[in-house]
Amino acid sequence: MARKIGIIGLGNVGAAVAHGLIAQGVADDYVFIDANEAKVKADQIDFQDAMANLEAHGNIVINDWAALADADVVISTLGNIKLQQDNPTGDRFAELKFTSSMVQSVGTNLKESGFHGVLVVISNPVDVITALFQHVTGFPAHKVIGTGTLLDTARMQRAVGEAFDLDPRSVSGYNLGEHGNSQFVAWSTVRVMGQPIVTLADAGDIDLAAIEEEARKGGFTVLNGKGYTSYGVATSAIRIAKAVMADAHAELVVSNRRDDMGMYLSYPAIIGRDGVLAETTLDLTTDEQEKLLQSRDYIQQRFDEIVDTL
């Protein structure tokens, strides 16, 4: 059976997702959905022009909701980056009103298409929007996943790697909670060179607070520099999609609705063909557990506020 992935929204992030998927040969068939007909048609032709120079071939159809019925994965990149660029508060809720209004129509179209695969959400504020997609579509919660702090964790790994002169892939551990200002690095989970980082930090000149701030603010450095973020978050979504397509049973820190939290937030889960296959349990410190609950409460509050306006 052919592997199929849909992408809703072909802006900067959606195009980066499409390029990464197609270049890596993750699927055989792709469905591009975007309100800008000229743009999505141009992307279709542009990628078709690239096929002769790629190792993998991909078939692309555009703006055909019915074609999503048998898609394995759909990735939503809805948003309006201009709202974030003009946002003086430095959080990811500037796009909430705009994106939440789109979720209603897009979620309805997605449900009516007969899609029954795994929905991966990038759109900011991602935890609230992921919860809203699940609310609007009625899809099982385990089949609706947000990229969450998978990107923030990668930023933490980069910062820690730089501090220790290591490849970021040699750093393990997680950022948890909201993909936003209430997120935190769960330092009790972070290990470097086979040791807990807190042990190494106590013994050396390592400023964990500075590393955490770098992870939290990294996205805004990119946003201020080029006007948007794309490659980091696109790669996060692709990693989730690949875990689903391969039924990898991979442990990834994604925005998911845990039974003990009752709301979407980022916490490691086992990801495979059916989305979230199992929950994990981290041995967090008391302080980390309190931060997680505070982050959960904030996401819940913002979700309740937007649901009341629908």
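Cβ coordinates come from backbone N, Cα and C, glycine included.
According to Swiss-Prot, the NAD(+) binding site annotation covers 34-55, Asn124. Feature annotation from Swiss-Prot assigns substrate binding site to Arg92, Asn124, Arg155; the stated evidence is similarity to another entry. Among the features that Swiss-Prot reports, active site, proton acceptor is placed at His179, with the record citing sequence analysis.
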*Cα distance, the residue listed as 'active site, proton acceptor' to Asp43 (NAD(+) binding site), nearest Å?*
29
*Position of peak Cβ density within 10 Å, selected from the recorded positions Arg155, His179*: His179
*To the nearest whole angstrom, what is the C-alpha distance linking Val40 (NAD(+) binding site) and Asn124 (substrate binding site)?*
21
*asked:* If I restrict to non-local contacts, at least six residues apart, and a C-beta distance under 8 angstroms, what lies near Glu55 (NAD(+) binding site) in its own chain?
replied: Gly25
*If you measure from the Cα of Asn124 (substrate binding site), which of the binding-site residues Asp34, Asp49, Ala52 is the nearest?*
Asp34
*Pairwise CA distance, Arg155 (substrate binding site) versus His179 (active site, proton acceptor), rounded so that it is a whole Å*: 12
*asked:* Using a 10 Å cut-off on CB atoms, tell me which of the binding-site residues Val40, Ala52 is the least crowded.
replied: Ala52
